[in-house]
Amino acid sequence: MTAMPRIAFLASPAEPAVAARARLVQRYGDHALHDADIVCALGGDGFMLQTLHRHGAADKPVFGMKLGSVGFLMNQYRDDEDDLLARLQRAEPAHLRPLEMLVQTESGTSAGSLAYNEVSLLRQTRQAAHLSVDLNGQTRIAELIGDGVMVATPAGSTAYNYSAHGPILPLGSHTLALTPIAPYRPRRWRGAILKADTEVRFRVLDPYKRPVSVTADSHEIRDVVEVTIRESTERRVTLLFDPEHNLEERIFSEQFAV
């Protein structure tokens with residue numbers, strides 16, 4: 001990082017984020033994304049995920065500041081003439097690899113997407129989903145009955161995955177969480193921790209009577225018949241965090257929250 005980094009400021013449409021961006025641009029200037037050294041994202045976790053999806057391929061480190069309802073992936077926003085440049089110089093990086101999802105639908109079309117938090121399959125109607133679970137080409141569960149199932153990254157393991165009673169994964173552990181959502185059968189199965197290079201394939205066993213949708217972060221595809229998930233080997237993003245509250249510490253602390 002250069003001594004005076006060029007910053008591209010991005011803000012969610014929320015009024016506090018827009019106002020904060022205006023103040024920061026006046027103080028530090030603003031650069032186009034392709035000219036910037038760092039991206040500063042102002043908003044909540046939803047906007048951070050949107051920023052990573054839209055601009056992750058640009059390979060720019062992202063420093064987020066919380067101006068939204070949820071900010072697990074963000075640093076605190078401070079507007080008391082805080083020296084942002086000093087914070088950026090001290091910031092610690094966290095490297096994240098997204099999940100790659102490939103979907104086949106009932107109509108025969110295929111689609112793909114990335115997920116930095118999780119890929120989740122959910123029943124579309126009142127009827128439970130019936131799914132099979134294959135890992136690296138081997139069927140591990142012939143029939144999973146329940147509301148659905150998900151695969152979560154370490155960064156996403158504290159979100160939907162944790163609410164579904166999945167494990168919290170340490171950052172840098174090179175693991176994924178495979179977590180059922182309200183499982184009925186097998187009733188005692190509570191999920192698994194997988195190596196990050198595991199290929200996970202879900203098949204919908206009765207897609208006409210029991211339709212299923214899949215969501216990669218916020219991108220939903222309905223009426224799926226097969227979903228394949230693996231960690232990306234090509235895409236990697238870097239988030240920057242204040243050293244006193246870095247992402248690794250946040251994930252660790254979540255395990256002791258009461």
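In case you wondered, yes, glycine gets a Cβ from its N, Cα and C as well.
Swiss-Prot annotations:
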- D45: active site, proton acceptor (ACT_SITE)
- D45, G46, N117, E118, D147, A155, T158, A159, Y160, N161, Y162, S163, A182: NAD(+) binding site (BINDING)
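Take the binding-site residues N117, T158: by the count of other Cβ atoms within 10 Å of each Cβ, the lowest one is T158.
In the three-state DSSP scheme, Y162 (NAD(+) binding site) is classed as helix. When Cβ atoms from all protein chains are considered, those within 10 Å of D147 (NAD(+) binding site) total 16, not counting its own. N117 (NAD(+) binding site) carries neither a helix nor a strand DSSP state and counts as coil. Between the CA atoms of A182 (NAD(+) binding site) and D45 (active site, proton acceptor) there is a gap of 25 Å, rounded to the nearest whole number.
According to its DSSP assignment, A182 (NAD(+) binding site) is in a strand. DSSP classifies D45 (active site, proton acceptor) as helix under the three-state reduction. Counted over all residue pairs in D45, G46, N117, E118, D147, A155, T158, A159, Y160, N161, Y162, S163, A182, the record's binders of NAD(+), the longest Cα to Cα distance measures 25 angstrom. Rounded to a whole number, the distance between the Cα atoms of D45 (active site, proton acceptor) and Y162 (NAD(+) binding site) is 16 Å.
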